[in-house]
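**Q** Got a structure here, written out as structure tokens. Questions coming.
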Amino acid sequence: MMEILHYEFMRNAIAAALLASLACGIIGSYVVVKKIGFISGGIAHSAFGGIGLGYFLGINPLVGLIPFSLLAAAGIGLLSKKAKVAEDTSIGTFWAAGMALGVLFIGLTPGYAPDLFSYLFGNILTVPRSDLLLILGLDIGIVATVLLLYKEFLALSFDEEYAEVSGLKTTLLYLLLLCLIALTVVILVRVAGIVMVVALLTIPAAIARRYTRTLSGMMGLATVLCALFTLGGLWISWLTDVPSGASIILLASAVFLAVHGKAFFGGGELAGRG
Amino acid sequence: MSEPLVEIRDATVVIGGSRVLDGVNLRVDAGDFLGIIGPNGGGKTTLLRVILGLQRLASGTVRVFGLPPSEVRRRVGYVPQHLVFDRSFPITVREVALMGRLLHKGLFSRYSGSDRRIADEALATVGLSRLAGRSVGGLSGGELQRLLIARALVSEPELLLLDEPTASVDPEMKTSIYDLLDRLKQEMTIILVTHDTGTISRHVSRIACLNCTMVSHDSGKVNRQDVEHMYPYPVDIVVHGVPQRNLKSH
């Protein structure tokens with residue numbers, strides 16, 4: 001088994017999985033407790049426009065992804081907070097418009113778009129060293145922001161009105177949280193692809209919530225679970241030669257169903273705990 | 001005469017095209033324990049939001065400690081009506097109480113040992129010390145209400161605003177919440193919004209009735225015309241002071 005470590009692409013894949021798990025566990029916990037999984041899916045999908053832009057400009061698509069996903073996060077957040085548009089409507093609009101822009105840019109790009117499939121569905125086995133550095137940098141930014149604003153984000157997630165009474169700029173904090181989600185999406189695209197990113201943002205944290213009493217504990221456990229899912233999925237992909245994005249998501253989904261499956265078979269305890 | 005703690009003049013609030021408050025005047029002095037009663041939709045919660053600076057006025061003025069409300073939030077504690085939250089939210093009782101310190105902490109800073117001490121004292125005051133490490137999702141309605149009061153106390157307010165703190169608790173717990181408020185009124189000015197027309201008059205120093213407009217009873221007395229004007233249904237009227245007696249003019 002250890003022989004897989006001889007390959008550089010495998011060492012890169014493991015490093016990417018571990019680095020991605022950190023952002024995934026921390027930000028995923030906010031996604032789950034604040035119930036913004038659908039927004040996260042919208043940000044991820046609309047970010048496809050950024051990948052198309054990357055191809056069109058002939059730069060690393062991940063670099064195109066960063067400004068695009070940040071714009072999508074700010075757009076969805078502002079539109080639903082300020083413009084009196086129902087949140088799911090503005091999410092749906094950005095979701096589809098972003099994907100359409102991506103298709104448009106790729107259509108305008110002459111020739112074939114290499115690796116397009118791996119951005120859509122993830123391929124952790126092709127992460128180059130340069131992307132690892134990018135992921136590391138984003139990780140550091142996300143962890144530092146959450147460390148500095150932990151009590152503010154906790155108040156925002158638990159009781160937004162009280163956070164406002166306490167003088168916090170709640171709209172600004174919320175937009176910042178959406179931007180952190182956007183950056184996490186950028187990190188996770190290599191692992192699961194923009195189509196399946198939302199599973200990694202929700203599943204580990206949702207399982208972790210059942211076994212923890214504090215948000216910080218939830219983040220820690222979610223990080224560990226995310227690492228287990230990505231490394232486990234990677235291993236399955238290695239053994240059976242199936243696409244790694246799919247094996248990671250299916251492993252996570254299977255564990256999720258196993259943990260929550262008790263409710264189906266007469267456990268009944270789930271109703272109170274969600 | 002000293003400066004009033006809260007002074008609202010001709011306050012009108014329009015929400016979604018309808019007048020929720022219409023020319024409301026209110027003066028609260030230091031040491032008052034004011035009870036505000038009135039029917040649902042009468043604007044009680046809106047009035048508290050005006051005092052907190054969360055609700056914009058269409059016309060009129062509001063001054064708290066002589067200043068605009070948004071500048072004095074540090075001196076005002078707020079107990080919301082009922083906290084709508086996810087029962088599975090991973091947060092402990094102590095962490096919720098600590099949120100009361102948010103007002104006193106800058107961005108980026110962390111809660112200190114003295115913050116924790118203040119939070120633990122407030123939890124002791126409301127009788128929740130035993131549950132400090134528990135998950136909030138496991139609290140009963142009465143315990144949750146007392147936790148929200150503790151969180152407001154943690155902010156060390158001079159003025160405490162409570163929005164129907166006894167609405168969803170059993171009678172025994174109701175008594176214990178009023179006992180708690182009786183102790184707190186020695187130390188701070190309290191404004192309490194409630195449906196409990198029967199019980200509050202034994203505890204408060206003044207009552208105001210609010211149904212878009214406001215009638216204030218400086219002596220702490222309510223008369224039947226006022227109440228019937230406010231409520232479309234029969235109401236028990238109780239007079240303050242000991243011994244209890246009914247109004248003559250029934």
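Quick reminder: no glycine exception, Cβ is built from N, Cα and C everywhere.
Just so you know, TrEMBL annotations never went through curation; they're auto-generated.
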**Q** Need the matching range: TrEMBL marks transmembrane segment on one of A:132-150, A:189-207, and I'd like to know which.
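**A** Feature transmembrane segment in TrEMBL: residues A:132-150.
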**Q** The transmembrane segment (A:244-265): which same-chain residues, six or more beyond its ends, come within Cβ distance under 8 Å?
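**A** Sequence-distant neighbours of the transmembrane segment (A:244-265): 13, 118, 121-125, 191-193, 196, 199-200, 203-204, 206-207, 210, 225, 229-230, 232-234, 236-237, 271.
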**Q** Count the CB pairs under 8 A between the transmembrane segment (A:218-238) and each of A:12-33, A:53-79, A:171-188, then give me the winner.
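**A** Between the candidates A:12-33, A:53-79, A:171-188, the best contact partner of the transmembrane segment (A:218-238) is A:12-33.
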**Q** Is it the case that the transmembrane segment (A:12-33) and the transmembrane segment (A:132-150) touch, counting contact as three or more CB pairs under 8 Å in which the residues of each pair are 6 or more positions apart?
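**A** Yes, the stretches contact each other.
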